[in-house]
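According to TrEMBL, the features are:
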type: TRANSMEM; residues: 26-45; note: transmembrane segment
type: DOMAIN; residues: 39-285; note: domain 'G-protein coupled receptors family 1 profile'
type: TRANSMEM; residues: 57-76; note: transmembrane segment
type: TRANSMEM; residues: 96-118; note: transmembrane segment
type: TRANSMEM; residues: 138-160; note: transmembrane segment
type: TRANSMEM; residues: 203-223; note: transmembrane segment
type: TRANSMEM; residues: 235-256; note: transmembrane segment
type: TRANSMEM; residues: 268-287; note: transmembrane segment
Amino acid sequence: MATTNNVTELIITGLFQDPEVQRVCFVVFLPVYLATVVGNGLIVLTVKVSQSLHSPMYFFLSYLSLVEISYSSTVAPKFIADLLSKVKTISLEGCVAQIFFFHFFGVAETFLLTVMAYDRYVAICKPLHYTVIMSRAVCHRLVAGSWLGGFFHSMVQIIVTLQLSFCGPNVIDHYFCDLHPLFKLACTDTSVEGLIVLANSGLLSIFSFLVLVSSYIVILVNLRNHSAEGRRKALSTCASHVTVVVLFFGPAIFLYMRPPSTFTEDKLVAVFYTMVTPMLNPIIYTLRNAEVKIAMRRLWGRKVNLGVE
């Protein structure tokens, strides 16, 4: 670490203290995490092998699902394993690594959702130029830019964290490592660091959310010039995306647009965006998208036929 620390290991309090409640949580959250991995993995596989899902919208959806798996996996496996442990510990280095990857994948998802909104804007508002504007090369650059944005954002968070000294106590009041709970353990005043996190995370969430809202306002205005069938199809696609955006940005804005402090309700909000939202995204996209459902049935039918042979 960049500074001298007396603390090398952190004790995590977890979501609940009651062993019985923790066992119930284990039974609930293990299937939730497995459903997240399987559901999002199925979308990635379906888009990759289906000839009918090669448009930019599904290209971005497959990367969003990949990010969802990675994002949830930075927290869920250890959280679920800790539910069966009496003492929950993590090294300081491991804590910093978890913060890095958590914010890396979280911000990559933020940018991907923004890119997906831009894709829908071009498809609905500039349909004649869509294939030129959203070329395969442009799509790859937008995805790469999302990953790079997440990387640089996380580097700022880690640089801020590495400037802190930890001399005790070593009990982090959360079920995973994040900036606000970790700041509570620092030996020095963290007001400046809190402002940096506010600017780096909170304002980023607000700005991205406003861009997304503006995009969909423009889309809604332009839909007045489309046929009834065109409006229905566009609204169905956009409704799925807007639902995911609200589920993702709501908790993020709630947690990071505040001074660094640990509130009791933060844990429950964190459970929602680390465990529940990644599981819901495949359901939201597949239930409202006929093309994805048809492609999944074809993929399943192909696997069944191969199994019979």
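The backbone N, Cα and C atoms fix where each Cβ goes, glycine too.
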Interface check, the transmembrane segment (26-45) with the transmembrane segment (268-287), three or more C-beta pairs under 8 A: yes
Intrachain residues whose Cβ lies under 8 Å of the transmembrane segment (96-118), provided they are six or more past its termini: 1, 57, 60-61, 63-64, 67-68, 70-71, 74-75, 78, 90, 142-143, 145-147, 149-151, 153-155, 157-158, 161-162, 176-179, 182, 201, 204-205, 208, 211-212, 215-216, 241, 244-245, 248-249, 252
Long-range Cβ neighbours of the transmembrane segment (57-76) (under 8 Å; 6 or more residues past either end): 29, 33, 36-37, 39-41, 43-44, 47-48, 98, 101-102, 105-106, 108-109, 112-113, 115-116, 119-120, 123, 139, 142-143, 146, 176, 237, 274-275, 278-279, 281-282, 285, 291-292
